[in-house]
Amino acid sequence: MGLIPEDTVHEIRERADIVAVIGDHVSLRKAGRNHKGLCPFHHEKTPSFNVNGDKRFFYCFGCQKKGDVFTFVMEYEGKSFTEAAETLASRFGISIPESRPESPALRRQRGERSRMLEINALATEFFAAVLRDPERGAPGRAYLAERGIDEATANSFQLGYAPDQWRELGEFLERKRVPAELAAKVGLLVKQPRAGGYYDRFRHRLMCPVVMPGGEVAGFSGRLLPSPEQDEDDERKGAKYINSPESPVYKKSRLLFGLHLARDAFREKRRAVLVEGNFDVIHMHQHGFAEAVAPLGTALTDEQIGQLRRLADEVVLLYDGDKAGRAATLKALEALVASDTKVRIAALPAGADPDSMLLTGRVQELAESLTRAQPAIEYFVHDVWTRSARSADGRSEALDEAARLLVHVTNPTKRDLIIDTIANGMSVSPELVRRAMQRGNQRGDQRNQGRHRDADERRFEQPPPPQPPAAPVQPPPREELNLLAILADHPDLLEVAEDKEVVSFLTDGRLRDIYFAARQGSSMLSSAPEDIGPLIAKYVLAGTYASVEDPAHCLDEALQRLRAGRSRTRLQQLQKQAYDARRRGDVALERRLVGEILKTRRQVD
């Protein structure tokens with residue numbers, strides 16, 4: 001893709017529904033003329049992220065991140081401007097003509113990341129085509145049939161099969177003129193250290209593409225299939241699951257399997273269901289639980305929690321009903337409690353998991369487990385105490401587990417309430433729970449001791465001189481802000497404003513800069529300096545003048561108020577000058593100033 005013509009960029013900006021685009025990633029709720037939600041660019045507990053569909057921009061009062069639909073796609077999905085424009089144009093049915101052919105230099109500038117995504121897309125097509133092949137795809141189709149995965153679900157998740165060959169994918173990519181070095185960097189090929197050359201990383205595996213929120217394939221998770229001549233437990237000397245290695249496009253700590261298909265269900269059901277494995281997700285989607293997602297074989301990360309919090313009101317943990325699943329539940333619970341996420345736990349029968357339950361037709365039982373999901377702390381108390389109450393050692397271990405959970409709760413009031421709940425559930429005193437928490441804190445402090453050694457050595461260094469406090473930011477005059485608010489709600493009045501010499505009424509230089517930027521076609525919000533960004537956003541987002549019948553009359557009234565205000569200021573200056581002239585005995589100057597005072601007073605009145 002070459003350079004995109006400016007009129008096409010304008011068309012995309014005008015036609016792209018910014019509320020729908022951002023709503024794919026953030027749970028938005030209508031709030032007056034705006035939509036609000038948790039900011040996707042920083043952690044927050046109270047929504048301060050605003051999206052205005054009429055003015056086609058977003059603004060966060062918490063971190064001051066702002067921009068239009070292009071900015072959001074570029075920032076959130078990590079795309080270049082050209083990639084963002086292509087994504088939006090494709091979604092909203094806009095064709096992009098090239099103003100000139102793309103040069104080799106410009107293609108290189110688009111970067112390695114874009115090429116990697118293209119390679120992953122090719123690999124996805126290859127694996128899916130092999131799965132459909134009557135002969136080569138038979139092992140993959142047989143495994144899907146055994147797991148009860150129907151064709152529609154397989155297509156929805158873009159499942160495929162990596163053939164049991166060492167070079168088949170590599171040869172396919174070579175025919176597509178994909179450099180082997182780049183295919184290895186994205187994790188599809190592996191370089192042979194001694195013999196040279198490359199071989200396929202994924203062989204005889206059911207392939208699950210890991211898809212980004214924007215729809216691009218970031219990498220793969222491959223499940224080793226059983227071999228007729230070997231027992232499945234032998235795993236053919238390979239790991240049961242292998243994932244793509246970390247790369248510029250595959251960051252497993254930031255990805256959730258199934259998220260691209262779960263976002264609508266998050267909004268509809270107001271919850272996200274977190275399960276352990278890919279096939280748990282696939283099976284749950286097939287049976288109507290489309291709000292299910294899974295981490296990629298790692299502990300739940302802050303980035304993953306942030307995505308869940310932005311899109312759903314609560315998280316329901318539905319991990320396996322075995323010892324490992326329980327340990328994973330408690331680990332995930334700690335991370336979710338630390339982020340102040342609303343979380344519930346759905347308990348499964350011992351030894352059960354979502355995949356096996358759905359495979360054996362226990363759909364209703366699984367649905368009831370989700371319906372009966374307990375609030376996190378109540379589940380924790382019941383689970384830990386019922387297993388540990390029989391012995392002193394067990395009770396001590398239970399308190400230690402409670403302490404590990406409590407140290408992640410930063411809100412003192414909430415922590416006290418949880419301590420009381422745990423104490424009541426375990427039939428112990430709140431003080432005993434607090435002492436266990438203090439012991440946990442001390443152990444954490446000892447582990448961190450080495451990190452502070454350098455700080456201890458620097459304690460006696462001369463501290464830097466104190467910096468003078470920053471001068472307080474002076475807000476612009478309110479009437480001048482109102483004037484910009486009128487023009488923000490009715491940009492068609494900018495030509496009229498120019499004729500009325502509006503800029504002469506703007507005494508604040510920052511507002512003059514914003515006005516000039518608006519005259520050049522920029523958003524007022526995007527051109528606002530950081531020191532008054534939140535204030536400008538407040539006035540621009542309010543939509544105070546959006547529904548008035550005669551906005552031109554509002555503009556005239558605002559200008560009249562500014563004229564009157566300017567005259568009042570001038571009147572005060574003249575009165576002071578006349579007083580000073582009288583004190584000095586300068587009668588002639590006093591008479592002239594009195595005449596100007598009378599004239600100015602008529603303008604005020």
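Cβ atoms are placed via backbone N, Cα and C, with glycine included.
TrEMBL: automatically predicted annotations, no manual curation.
Since we're looking at a predicted model, the values are computed, not measured.
Given the ranges 39-63, 264-288, 389-413, the record in TrEMBL names 39-63 as zinc finger.
TrEMBL assigns the feature region 'Disordered' to one of the listed ranges (92-113, 224-245), namely 224-245. Taken together, the residues in the domain 'Toprim' (270-351) have a mean pLDDT of 90 on the 0 to 100 scale.
Residue counts for the zinc finger (39-63) under DSSP, split into helix (H, G, I), strand (E, B) and coil, are 0 helix, 8 strand, 17 coil.
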